[in-house]
Amino acid sequence: MTTFVDRVVLHLQAGDGGHGCVSVHREKFKPFGGPDGGNGGHGGSVSLVVDPQVHTLLDFHFRPHVKAANGRGGAGSNRDGANGANLVLKVPNGTVVQSGDGTVLADLVGVGTTFEVARGGRGGRGNASLANARRKAPGFAELGEPGDQIDVVLELKSVADVGLVGYPSAGKSSLISVISAAKPKIADYPFTTLVPNLGVVRVDNHTFTVADVPGLIPGAATGKGLGLEFLRHIERCAVLLHVVDTAALETERDPVADIDAIEAELVAYGGLVDRPRLVALNKVDVPDGRDLAEIVRPDLEARGFRVFEVSAATRAGLKELMYAMGELVTAARAAAPPAEPTRIVIRPKAVDDAGFTVEAAPGGTWVVRGTRPERWVRQTNFDNEEAVGYLADRLARLGVEEKLGKAGAQAGDLVRIGEREFDWQPTLYTEFVPGVRGGDQRLAEKSERPSATERLAARKARRQRPEDEAEADEPVGDGEE
């Protein structure tokens, strides 16, 4: 069974927010206790964090579906629901987070680096939080907002200073095993190395990391062999070391041709041309290997390569090679821009942008896009007339109706906000009219809704009624005595 996985697809689902509660306080001798519905809890978010003890994406290979906890719903007596627990996933250093279309969302380098991939939904407000001077006992509450749902691709790019490249069976694994404490699998057949191996090299004041990747063959940059899958592991390397087999049995191969073939693959892959190179002519302990190394060395040096004749078996020439790698790594680190100190700034969550746009769509439909309008629609219970009326008030105060009118929308046009569609009625007056709890008189049938004249007459009748009752209570006399 494989123990190394460097690419997985994750299906992430953040927690949904809990619904707000509709409740009215009931207690003896308190006939008007008022609303006491609590707010729903926020859903849990999904984050990635770099852990130094994790070296592979194997866990996600077997569990690709991840979901955070939902927020709990509110309850009466002003009891707020509990927030859903945030889910933190541990990933190796050097993990790249990409969206489904290949867009890089984050490059996680450095222990403790954290990235929030999916944010939990906001909890809905209970009717106690929605009460105001005019709407003293709301008969509705907000729904919890759904959490983010996203598919991401995680790719591991090993974080190493020196990358060992070369043909299969060139001796890369043997070399890394003697210059570091790494224990890769070593055998006398090609493609023994199937996963990258990392080792830490210490020589005097130099300490650096070396990566041994599977052997490359012509066409690796286009997918042949194992090169395409593992070439990304040397993208972060500051130095590349060509490991060349001087004792190869294939008569048609020679060290110069091997280096030319590997260089062609590195150029085809892209992004590796500017890295400094070293050449290690390996297996010079073999007589034929020593003779071949002496023949090709002048040609390689004429091309600008620093060449070292080494033997992983006898450890000949390894000291000079490690010093050269350490010097190049130190120079690369000095040339790199200084890392800015990390400042931890605690800020509240950003307030939703109040901006929105109104666009005409085919078929006489108008589309309203904006953070606030879309969130308000998601949190509205459309089975409750009073909640729908509250949504109409909020959209009107935000200026949605005014902007629709200026854009040319007509009564009865279809308006889409988020995933909901509405028939626009600009004549609906936007003032809360108290009525039955859970209802809104503005949404009643037109024949049932009293006109302004009828409402004025009703108010006059209510004022006149106490005067009529007072006159009826006056005693009636029998005349003069």
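Along the chain as shown, the residues are counted starting at 1.
Backbone N, Cα and C define each Cβ position, glycine as well.
Sequence annotations record features per position, and here Swiss-Prot assigns GTP binding site to 166-173, 191-195, 212-215, 282-285, 311-313 based on sequence analysis. For Ser173, Thr193, the entry in Swiss-Prot reads Mg(2+) binding site, with the evidence type sequence analysis. Positions annotated as compositional bias 'Basic and acidic residues' by Swiss-Prot: 439-452. Positions annotated as compositional bias 'Acidic residues' by Swiss-Prot: 468-481. Residues or ranges marked as domain 'OBG-type G' by Swiss-Prot on the basis of sequence analysis: 160-330. Here Swiss-Prot flags 348-426 as domain 'OCT', drawing on sequence analysis. What Swiss-Prot lists as region 'Disordered' is 439-481.
Ser173 (Mg(2+) binding site) sits 11 Å from Gly166 (GTP binding site), taking the Cα positions as reference.
Mean per-residue pLDDT, taken over the domain 'OBG-type G' (160-330), amounts to 80. Around Ser311 (GTP binding site), taking its Cβ as the centre, 23 other Cβ atoms fall within 10 Å, counting all chains.
The number of other Cβ atoms within 10 Å of the Cβ belonging to Ser169 (GTP binding site), over all protein chains shown, comes to 19. Cβ neighbour density within 10 Å is lowest for Gly166 among the binding-site residues Gly166, Lys172. Residues within less than 8 Å, Cβ to Cβ, of Lys283 (GTP binding site) and separated from it by at least 6 positions along the same chain comprise Gly171, Asp245, Thr246, Ala247, Gly289, Ser311, Ala312, Ala313. The secondary structure of Lys283 (GTP binding site), as reduced to three states from DSSP, is coil rather than helix or strand. Reduced to three states, the DSSP call for Ser169 (GTP binding site) is coil.
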